[in-house]
Amino acid sequence: MFSRAATRSLAPSARQFSSSASRNFKVAVLGAGGGIGQPLSLLLKNDPLVTSLSLYDIRGAPGVAADVSHVDTASEVNGYAADQLDAALKGVKVVVIPAGVPRKPGMTRDDLFNTNASIVRDLASAVAASAPDAHILVISNPVNSTVPIVAATLEKAGVFDPKRLFGVTTLDVVRASRFLAAVGDVTPKECDITVVGGHSGPTIVPLLSQNATGKGITGEALDKLVHRIQFGGDEVVQAKDGAGSATLSMAYAGAKFTNALLRGLNGEKGVVTPTFVKSDLFADKGIDFFSSNVELGVNGVEKIHPLGELSASEEKLLEACLPELKKNIEKGKAFVA
Ligand code: NAI
């Protein structure tokens, strides 16, 4: 139904698709010293579309930058200390935000709200002041709330453009592909799954019926697979036993989404991938942010695709998703108001 080139491969593409497209792809990572930030910075250094990397954290970013800067790719790398946020954001086209605390066993993503809401709000304020035209990719949890927090903060500053704000839900897509491949005994390449809704437990809705292998999974096997996709993050949190949540697979997913956005900004056509954006799809239900397939283009969000056909069980999952998602979004908005 859609061109799914965006999520097919991590192998980054540097081909120029439009002579009018910008080639200044300076990317900032805010939270670059963390469990996600470090490997994400490394993967972005390896992306030929990134011309310059700005690494910022309240601790450790200059060290990470010095280390990553020795990798033999063309981009330049600079590290910034706690009091250098404005300098880090100067001239930046894309800002990726993995700053904030991760989960410990027994915690939900919403339990992170109290700490991460203000971190994300303050970083969004700085972006509004120093890089008001930047595209912002939010990784910090709870994504269902932190994205509305960033939107409301930018709105207050008078610089909000819904085409340039994205909640990164790519890890759910990556997990859906990997887990389905294991169940269906095929390769992940054959398991391109659209995951819609939000990014936490029951708000994660994988549309398995839209994939040839996924369609064949039914009954208890389907229930188990959906549960694993929705709560896959818990497997990592438990296995790390207090040392945090997904970092390496998240860095992979974050680099993959960043590359998809850069390809769109660079003029490549047909780059389509799920992401959590300001969306009218469920506006009639009072929900104004939603993850679905989005075409990425030279201005960011080019087109929000409808969900397509859903199976009866997916309709049920969507029904469970919507009220929870609405609550999460309202909590984010209320925080800024
Ligand atoms: P971490 O604790 O290893 O790293 C977080 C980093 O943020 C630290 O280096 C810390 O110094 C930095 N930081 C804190 N306040 C900051 C500020 N005001 N400005 C700049 N940097 C700041 O945590 P980890 O594992 O890297 O996770 C980061 C976030 O990503 C968490 O909120 C986690 O829940 C979320 N996450 C999101 C996923 C997704 O799919 N969207 C998946 C996995 C984690």
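For all residues, glycine too, the Cβ spot is worked out from N, Cα and C.
All TrEMBL annotations are machine predictions without curation.
In the record from TrEMBL, residues ARG103, ARG109, ARG175 bind substrate; the candidate from ASN24, ASN46, ASN141, ASN211 listed for the same site is ASN141. From the candidate list ASN78, ASN116, ASN259, ASN266, the residue TrEMBL records in the NAD(+) site shared with GLY31, ALA32, GLY33, GLY34, GLY35, ILE36, GLY37, ASP57, ILE139, SER140, ASN141, MET250 is ASN116.
The binding residues for substrate are recorded as ARG103, ARG109, ASN141, ARG175; their greatest pairwise CA distance is 18 Å. Candidate binding-site residues: GLY35, ASN141, ARG175. Those with a Cβ under 6 Å from ligand 1, in sequence order, are GLY35, ASN141. Summary for the binding-site residues ASN116, SER140, ASN141: the Cβ-based neighbour count within 10 Å is maximal at SER140. Helix first, then strand, then coil: DSSP counts for the domain 'Lactate/malate dehydrogenase N-terminal' (26-167) stand at 61 helix, 26 strand, 55 coil.
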